[in-house]
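Visitor: This is the structure I have questions about; it appears just below.
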Amino acid sequence: MNINVADLLNGNYILLLFVVLALGLCLGKLRLGSIQLGNSIGVLVVSLLLGQQHFSINTDALNLGFMLFIFCVGVEAGPNFFSIFFRDGKNYLMLALVMVGSALLIALGLGKLFGWDIGLTAGMLAGSMTSTPVLVGAGDTLRHSGIASTQLSSALDNLSLGYALTYLIGLVSLIVGARYLPKLQHQDLQTSAQQIARERGLDTDANRKVYLPVIRAYRVGPELVAWTDGKNLRELGIYRQTGCYIERIRRNGILANPDGDAVLQMGDEIALVGYPDAHARLDPSFRNGKEVFDRDLLDMRIVTEEIVVKNHNAVGRRLAQLKLTDHGCFLNRVIRSQIEMPIDDNVVLNKGDVLQVSGDARRVKTIADRIGFISIHSQVTDLLAFCAFFIIGLMIGMITFQFSNFSFGIGNAAGLLFAGIMLGFLRANHPTFGYIPQGALNMVKEFGLMVFMAGVGLSAGSGISNGLGAVGGQMLIAGLVVSLAPVVICFLFGAYVLRMNRALLFGAMMGARTCAPAMEIISDTARSNIPALGYAGTYAIANVLLTLAGTLIVIIWPGLG
């Protein structure tokens, strides 16, 4: 039996889609030196090659893909978006605006200089900034712009072409810039990170290991009684001196949970909870061969929970003000916008931040009730909320504004982005509403993006050879300029206008470009994870601004003549 693969793929859109996805994902795993191509560029390259062979796909799949992607981007940004926008993220907001705004203006200027259409210009902006949200926003606005169908088809093809030609240029140039730009300025990045660490009492180790607390029991002997000198536990400050706290005491056969007024007596058996290294550093008066193994004394349920910051008595406060250790709890991680932050006593908590806390189950529950709620560990998605807000986003996208003879619509991209932000924000405030497991959110976002990339590549593939010959050299120059010039402008603004610490500034710049590989290089250069503070500050707002930039470039273009 002979099977004509071309006819088979042309006759089955679903099969074609998944063949493109599978081949593209395989290609995306290849590395060029230390740079991995990535899923997006892999799927785009495969779809462009198949598009040259005149394979095509139903545009409805493309539309659904971009809608799912941009909605999930909003859901991820929602918990921290408003806190960054309205409160302590002024510098980060300004940096993101400078980065995106300068890139938009430069792209518009180069597009007019080289005589490109809006499709090539917007695609070049999206590729140079390695930003799919720009591509999504521009494509959606073009479809709702009301231009003639032949012009629309050409613009959409050129949009994909511009993105494909400049994506790798943007990615490689930014990674090279992240490696060498810190060396061209007079302040050493490692020194800047250490300065912040000294000022804020941070651990500068980017590879800090996290251990769970353990419980061990000791019998109080004369050395320990002498060491306490008759002071109660509150006066002794056991945790400050040892890194452990006393969870239980057995006295005269009676097991009790001590309060701050308890005084240790000869023969007491005490259960100490702390990290392994804290136990190893204990004064010999605690240990000295007096460790005991009492099942009841050691029978404690140590749990690790992720607590979402929500309550007003925690939002806006510094981490140190929570006094977790005073309540017998240990902080393992601080996560903001899926970025692990340095454990900094001076970090101001935002609504939606996640604290990973370990300790006795009762104590952790008490702390969680005080500052927010324990994150749900269910793997079930609230599909009702997901669908409801998706519908709201589509309805918002239908809104159109009319100014004399000129009209423009918000578009599906902006509408879905806003609806996603609201869902994410409400989820951060109401533990049982709109829950979407992070794995499910990542899967839907990634799948939507891959479907979108497959669609744009297949639709643009037939014209890539002609386009590459006509504008290839111009695209190379424009891609480099749009990729690197905004980074330099943003650095000058942050360093000499905002006067930011350089470690935080470079992290914030990579966040404004939403480029995780470049962020890793900055952290390696600083030999610290402190730049992650800046990265998290700009990342959420930049994702939103980049989507709006894709919409704005299409709206502004006709007015430039």
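Cβ coordinates are placed from backbone N, Cα and C, and glycine is handled just like the others.
Source: prediction; values computed, not measured.
Features from Swiss-Prot:
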TRANSMEM  8-28  transmembrane segment
TRANSMEM  32-52  transmembrane segment
TRANSMEM  66-86  transmembrane segment
TRANSMEM  94-114  transmembrane segment
TRANSMEM  158-178  transmembrane segment
DOMAIN    200-288  domain 'RCK C-terminal 1'
DOMAIN    292-373  domain 'RCK C-terminal 2'
TRANSMEM  383-403  transmembrane segment
TRANSMEM  406-426  transmembrane segment
TRANSMEM  447-467  transmembrane segment
TRANSMEM  475-495  transmembrane segment
TRANSMEM  540-560  transmembrane segment
Visitor: Take a look at 32-52, 383-403, 475-495 and tell me which one has the most Cβ pairs under 8 Å to the transmembrane segment (94-114).
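Guide: Result: 475-495.
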Visitor: Mean pLDDT for the domain 'RCK C-terminal 1' (200-288), rounded to an integer?
Guide: 76
Visitor: Quickly jot the same-chain residues contacting the transmembrane segment (158-178) by Cβ under 8 Å, restricted to those at least six beyond its ends, or write none.
Guide: 35, 37-38, 40-41, 44-45, 48, 116-117, 119-130, 135, 138-139, 142, 456-457, 459-460, 463-464, 467-468, 471-472, 475-476, 478-480, 482-484, 487, 506, 510, 513, 515, 517-519, 521-522, 525
Visitor: Could you tell me what the rest of the chain brings near the transmembrane segment (475-495), counting residues at least six beyond its ends with Cβ under 8 Å?
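Guide: That would be 91, 94-95, 98-100, 102-103, 106-107, 110, 114, 120, 124-125, 127-130, 162, 165-166, 169-170, 173-174, 177, 181, 185, 502, 505-506, 508-509, 512-513.
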Visitor: Under an 8 Å Cβ to Cβ limit, what residues of the same chain, 6 or more beyond the ends of the transmembrane segment (383-403), are close to it?
Guide: 67, 71, 74, 140, 409-420, 422-423, 433-434, 436
